[in-house]
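TrEMBL annotations:
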{"type": "DOMAIN", "residues": "1-235", "note": "domain 'G-protein coupled receptors family 1 profile'"}
{"type": "TRANSMEM", "residues": "35-56", "note": "transmembrane segment"}
{"type": "TRANSMEM", "residues": "77-98", "note": "transmembrane segment"}
{"type": "TRANSMEM", "residues": "118-141", "note": "transmembrane segment"}
{"type": "TRANSMEM", "residues": "181-204", "note": "transmembrane segment"}
{"type": "TRANSMEM", "residues": "216-237", "note": "transmembrane segment"}
Amino acid sequence: MLIAALGFADLCVGFVSIGTLVTRASEKTLDLCLVRIGFTIAACIDSLLVLMLIAIDRYIAVFKGLRYIQIVKRERVIFGIILVSIISIAVGFLPLMGWRVSTYNKYCSFLYVVPANYIIVLFSSCVFIPITAMFVIYGRLYKNAQIHIKRIESIENITQPRLSNGQLRISARTAKSLKTLTVVFGCVLLTWMPFLITSIAQIICEDKTCFLKDIVGTHLLILGFSNSFLNPVIYALGTKDFRETFVHTCFGRFPCFNQRPSRSRSNIYPVLSRTRL
């Protein structure tokens with residue numbers, strides 16, 4: 001369900017990016033401009049917050065595996081999805097409700113139509129907090145995965161070759177987990193951090209000394225939109241559950257795709273089998 005919510009949020013980002021190309025950022029009135037900007041902000045925030053929910057879900061699955069079914073209930077997941085959607089829409093449409101600039105020159109770009117204090121609140125509450133939370137969660141998951149893999153390998157009597165300085169080599173499974181996490185957060189940083197940093201730089205130095213508004217509203221914003229295309233690809237390649245859900249959702253009506261593998265106890269309680277990130 002979280003995967004479907006992530007896909008829907010990324011799809012919305014795709015639609016608003018197409019809307020930007022169609023209108024060419026030249027809406028006739030400020031209200032029409034803020035409607036498009038509101039949808040853009042809401043879709044991006046929703047995608048980021050759903051990613052945070054997925055990280056929380058993985059945290060519970062690993063550290064509370066025996067109680068995962070009792071904690072992560074369908075009603076709670078639905079409530080979480082609805083809550084982040086409400087937050088995203090409310091924050092995204094604050095400029096339309098009054099938190100806006102006083103003048104409009106018929107050029108509908110992010111830094112031209114929303115005030116600096118709104119951008120600071122937006123970035124600090126809805127961007128940096130989710131990103132920091134995901135870093136902390138996935139950091140703990142990776143640390144736990146290393147400990148868990150070493151226990152599995154000791155049980156399976158897998159000998160670990162040692163380096164000359166006495167340190168253990170990283171196993172293939174540990175390297176794969178590290179690679180998946182590196183790709184996930186690397187893509188988030190590479191796609192959104194240039195936009196965030198440049199926007200903050202423009203706010204700090206103001207219009208008299210910096211002329212970055214056009215770059216932020218075009219090239220860097222498109223770079224940020226590309227993260228919504230990369231999210232499904234990364235999770236499809238790195239997460240087996242994502243691939244199974246995607247295939248079942250898209251091709252479930254076809255008999256050859258309608259047979260999903262049964263979930264064993266090892267899939268329900270990943271902490272008891274293998275940590276799957």
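Cβ atoms are placed via backbone N, Cα and C, with glycine included.
Since this is a predicted model, take the numbers as computed values, not measurements.
Here the transmembrane segment (216-237) has Cβ contacts under 8 Å with residues 3, 6-7, 9-10, 13-14, 17, 20, 25, 43-44, 47, 51, 109-112, 180, 183-184, 187-188, 191-192, 194-195, 198-199, 202, 243, 246 of the same chain, all six or more residues outside its ends. Listed by sequence, the residues of this chain that lie at least six past the ends of the transmembrane segment (181-204) yet keep a Cβ under 8 A from its Cβ atoms are 51, 110-111, 116, 119-120, 123, 127, 131, 134-135, 138, 141-142, 210, 212-213, 215-216, 220-221, 223-224, 226-227, 230-231, 234-235, 238, 277.
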